[in-house]
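S.K.: Sharing a structure, written as structure tokens. Questions coming.
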Amino acid sequence: MVARESPGGTASSSDTAMTRRPGKYPNLILQKLVLIAAFASAVAGTSQQAVKLCASALISSCADCLQQHPDCAWCFQQGFLEGAVVSMRCGTITTLQARGCELQFIERQVTRATMNATASGTQVSPQEVTLHLQPGSEVSFLVQVRQLQVYPVDMYYLVDVSASMQDHLDRLRSVGVALSQRMRSHSSDFRVGFGSFVDKPMSPYINVHPSKIHNPCSDYGVQCRPAHGFLHVLRLTENTTEFTRVIQAQRISGNMDTPEGGLDAMLQVAVCQGDIGWRADAKRLLLVMTDQPSHLALDSKLAGIVVPHDGKCHLENNTYTHSTLMEHPSVGLLAEELLQGSIYSIFAVEQMQYKWYEELVSLLPGAHLGRLQPKAANLKDLVVEAYKKLLSQVEVRVGIQDKHAHMFSLNVSAHCPEASKNTARSRCSNVRPNQTVVFNISVSMSSCPSEREVLGFVRPVGFNESTVVRVRPACACRCGDQQHCGDELRRSEPNQANCSTVQAPDCRVGGDGGAGHHCSGRGRCVCGKCLCYTSRFGLIHGKYCQLDDFSCPRQHGLICAGTFCEKCPTCTGACQSHWKCVQCHLSSGLAEGNPSACNGSCPLLVEYVHDISEAKGERSASCLYPVDQRCHYRFHMDVGPKPTLVWISSRPECAEVQHYLPTFVLVFLLTFLLGLVFLATLSCLLQRWSRAPDESKRAVYAVTKEDTLRMAAAIERAGPCREQPLELRLHQLHNTAKSLHEVRWQ
């Protein structure tokens, strides 16, 4: 946590609390230690999970391996673990290297994010990001959004012209020009447009009587215009005179039901950008004035309309032509088109409908809701305040192509600049001009899509710039320049019937006619090649299945290895191949001066030494020959151009037997005695503390017969008591008792 200062420069309340209560520091340290321990535990758990997933026996190819876990890798080294099942080529990098695979032959997809430096913008950067992801992995990148000092502004009036809006329409005629002039104080480049809506012109939304279609207000003696879904009246323009003329010419219309067709009209304003005249570099404001809620998707089924809205522009001669052919758009479709069109929505509604639009605004990006007073008295202030608030908010929306959205998980975290506040994970408020907001975007992929590239976006709400995200799934293997992954031959297991007529070499050690069992008794011979069995103890491999990784002892849970098995001197390899020679020399008693006694059975040069450490050469390997569970003999091999020379230690090395029972008994007795001493000390202290108050009481109140006689004599010396006041007599008695108490203690 970073401590922040208040605007006045003084420490914040959290800093003050920590200063006044230093006792919190141990708790904070403890919390950090717990978090570190939890993180370490999570990392260890993730590592163990990776090892387990990468060791799955169901893996049959490099692609399968890399899709198991982000830490899985594939070894495409030729001859790697010959005879073993193909799934053994899959594992973590550490596991594969321990099995003998060189790092240059290990295929592993690297998760990374690259930025396109050539594509840059004035407000959003970067404008293109390429992500390389594999299943189960996650990558993060940063997007910066900067507010400019001044923007061009396009504002489109979308007004409900149903009969109930008569007073608001009259007010708009008088304040429309004043509002435009006031907006020019915030942007010198200001344009304005106008459009109107009512409802779908069909039953049951309007009265379809012939006399009502052309004049819905004929019963009231008023000439109204016909109902319409959306009518685009004025293209965005700087000509305020033309705007005034258009507003003055507007007339009301009428419909039957309460809800209006506002969402239909809003969608056409968003997608018909050429007809409306939206500018690419301008802040786009859509002012919606209405006094009723709006129809939603599926409402038009009442009129028999069942075709979903296609989200396209259908304006002909400035009239929405598909109002009676397609349903009302869904809120999700409208939100998507408003976001893609970089349009801010401002709803000016009456108090009666405020709650309904409050729920709608929460679902639309870059939307603001304001209460419209009677006769639109506050329209100017409402629009200006909404523009200021929307401009001070910086929010981003992140998305992936719809058909692949279920394969990806997206997370956004906003880092707000100074003096601004984080009102949501993806939004900052009170952002001033020329300030930059940084968004941390995290993308993870659960499975591999079919396409080689999936497109996504990071789109700031209301901005005409965005970031294109190109996700390239890392689900295929290259396996070096040769592109041979070592899984081609094992995908389809050879069949004995296919090679029965061919003279295949024998699978015994030494070839045809060799001694021993086929494939060392740990595999089956197919077409002259050994296919090694799987074992619950570990890996069996080799040309004749003669090698494994579980015959070696383990140290701290890891299989020992090395060129000469020197990290595990009892491993199958060069060391074990000389065990017969060492056994022969040991059986002869390591006769002094007769190291050539076993040269007939093993053609090696052998010498006996007392200190094996002095016999180690530059190219020697240390080996062990186990005699029993406790003892072994150490020998060294000098491997070089000359015949192999072996030094055998004449002294066995034995591990000391651990006697745990005496240690346990000793610890138990010491603990028992310490407990008794502690209890005895505690008992003595408690008795002393309980005895002290009793003695003081006895010293004060225990008066013997001798003390009584002394008290009486003192009273007689004091004279007749009846002639003295009561208070004086009591005082004398008190002093006498006090003097006796002092004498008693002396």
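Numbers here mean position along the shown chain, with the first residue as 1.
Yeah, the Cβs are placed from backbone N, Cα and C, and that goes for glycine too.
All TrEMBL annotations are machine predictions without curation.
Worth saying up front: this structure is predicted, and the values here are computed from it rather than measured.
Pulled the feature table from TrEMBL, pasting it below:
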type	residues	note
DISULFID	Cys62-Cys72	disulfide bond
DISULFID	Cys65-Cys101	disulfide bond
DISULFID	Cys75-Cys90	disulfide bond
DISULFID	Cys217-Cys224	disulfide bond
DISULFID	Cys272-Cys313	disulfide bond
DISULFID	Cys416-Cys428	disulfide bond
DISULFID	Cys475-Cys479	disulfide bond
DISULFID	Cys499-Cys519	disulfide bond
DISULFID	Cys525-Cys530	disulfide bond
DISULFID	Cys527-Cys560	disulfide bond
DISULFID	Cys532-Cys545	disulfide bond
DISULFID	Cys575-Cys584	disulfide bond
DOMAIN	53-102	domain 'PSI'
DOMAIN	61-477	domain 'Integrin beta subunit VWA'
REGION	1-20	region 'Disordered'
TRANSMEM	660-686	transmembrane segment
S.K.: Name the one residue among Cys90, Cys101, Cys428, Cys519 whose Cα is closest in three-dimensional space to that of Cys530 (disulfide bond); these are the disulfide-bonded residues.
M.R.: Cys519
S.K.: Restricting to the same chain and to sequence separations of six or more, state which residues have a Cβ under 8 Å from that of Cys479 (disulfide bond).
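M.R.: The answer is Cys62, Trp74, Phe76, Glu107, Cys485, Gly486.
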S.K.: So of all those disulfide-bonded residues, Cys65, Cys217, Cys272, which one's Cα sits nearest to Cys527 (disulfide bond)?
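M.R.: Minimum Cα distance from Cys527 (disulfide bond) across Cys65, Cys217, Cys272 lands on Cys65.
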S.K.: Around the C-beta of Cys90 (disulfide bond), how many further C-beta atoms are within 10 angstroms, looking at every protein chain?
M.R.: 27
S.K.: Could you tally the C-beta atoms, other than its own, that fall within 10 angstroms of the C-beta of Cys584 (disulfide bond)?
M.R.: 16
S.K.: Going by C-alpha distance, which of the disulfide-bonded residues Cys65, Cys90, Cys519 is nearest to Cys313 (disulfide bond)?
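M.R.: Closest by Cα: Cys65.
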S.K.: With Cys217 (disulfide bond) as the reference Cα, tell me which of the disulfide-bonded residues Cys90, Cys416, Cys519, Cys525 is the closest one.
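M.R.: It is Cys416, whose Cα lies nearest.
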S.K.: Considering Cα atoms only, can you say which of Cys65, Cys72, Cys532 is the nearest neighbour of Cys428 (disulfide bond) among these disulfide-bonded residues?
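M.R.: Nearest candidate: Cys72.
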S.K.: To the nearest Å, how far is the Cα of Cys475 (disulfide bond) from the Cα of Cys75 (disulfide bond)?
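M.R.: Checking the Cα atoms of Cys475 (disulfide bond) and Cys75 (disulfide bond) gives a distance of 16 Å.
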S.K.: Of Cys101, Cys519, Cys525, Cys532, Cys575, Cys584, which disulfide-bonded residues come within 10 Å of Cys75 (disulfide bond), going by C-alpha to C-alpha distance?
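M.R.: Candidates kept after distance check: Cys101.
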